[in-house]
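According to TrEMBL:
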| type | residues | note |
| --- | --- | --- |
| TRANSMEM | 7-24 | transmembrane segment |
| TRANSMEM | 30-52 | transmembrane segment |
| TRANSMEM | 64-85 | transmembrane segment |
| TRANSMEM | 91-115 | transmembrane segment |
| TRANSMEM | 122-144 | transmembrane segment |
| TRANSMEM | 150-171 | transmembrane segment |
Amino acid sequence: MGFQSLPYVVALFAAMLWLLYSFLKTNAFLLVSINSFGCIIEAIYIFFYLLYASKKARIHTVKLLASLNIGLFSLIFLLALFVFNQHRVGIVGWICVAVSVCVFAAPLSIVFKVVRTRSVEFMPFGLSFFLTVSAITWFAYGLFLKDICITLPNVIGFFLGLLQMLLYGLFRNAKPVMEEKNLPEHVINIMMLGFDFQKCASKNETSQDEDKKDVEEDDNMETCVPCELNVEPCTQVNLDTPILVICTP
C-alpha cells in the first residue's frame, strides 16, 4: 500500500546506536531500557514488512539492513572499541545526535503534505502531542545529566511537535485538496482485447450468399469466428503485478 521500510530500518539503527551509547556511558538504565524496547518493536515492524512486501521491496529492505544495521553499525562499534578508545563515548554520542536529528526531521515530509493537501489525515493529533511530551521529558533528563547528546536532538523534536500541533489546529476543519495517489508497487497491467466483428460479419454474409442460406444476425454473431484481434497493452508493463484482461467488442 505504498509503505516503505526505510523509516523502520533507520529507527532500528538509531535505537541500536543509543543502546551502544548507553552501554559505553554506563549508569544509563533508562537509555538501555527504552532503546532495548525500541529495538524489539522496530524488529517486529520489519519482520511483518518482509512477510507481506513484494519481492522487490523485500530485497531492497534486506540490502538496507545489511548495509546500515549490520555493516555501518559494526564499523562504528569496532572504531569506538579499538580506535577511539579514549573518546569513544563522545564520538558515539555525536553520531547518535546526527542520526536522531535525521529521525526527527523525517516527519517534515508529512508536514509538507499537510500544507499541500490541507488535510491532517496523515498527521493525527495524538502522535504529535506525545512526540512533544516525549521531547520535553528527554530534554529535561539530558539537562539534569548535563548530557548535550541527549538534550540537543530533543530540542528539534520539541519544535517539530509544536509545528505539527499548530498545523493540526489550522487545517483540521479545512477542506482538503484532492491529489493523485502514486503507489508504484501496485500496478495493474491492463490489456484491451477487441474483435473486429464487422469484418467477421461481412465474411459470413459472403459465405451465406454463396450457400443461399438465410440466417438471422444474432445467429451470425454466435457462430462468428473472430478474424482479427486488436491488442492494446498499457504503456507501463510490470511482470510482478497481476494482469487485468478486458474483452471489448
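The backbone N, Cα and C atoms fix where each Cβ goes, glycine too.
Caution: TrEMBL annotation is automatic and unverified by curators.
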Check for me, if you would, whether the transmembrane segment (91-115) reaches the transmembrane segment (30-52) - at least 3 Cβ pairs under 8 Å, residues 6 or more apart in sequence.
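In this chain the transmembrane segment (91-115) does not contact the transmembrane segment (30-52) - fewer than 3 Cβ pairs sit under 8 Å.
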Which range wins on Cβ pairs under 8 Å with the transmembrane segment (7-24): 30-52, 64-85, 122-144, 150-171?
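Looking at each of 30-52, 64-85, 122-144, 150-171 in turn, the most contacts to the transmembrane segment (7-24) are made by 30-52.
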Taking a Cβ cut-off under 8 Å, which residues six or more beyond the ends of the transmembrane segment (122-144) line up next to it in the same chain?
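Cβ under 8 Å, 6 or more out: 30, 107, 110-111, 113-114, 150-152, 154-158, 160-162, 164-165, 167-168, 172.
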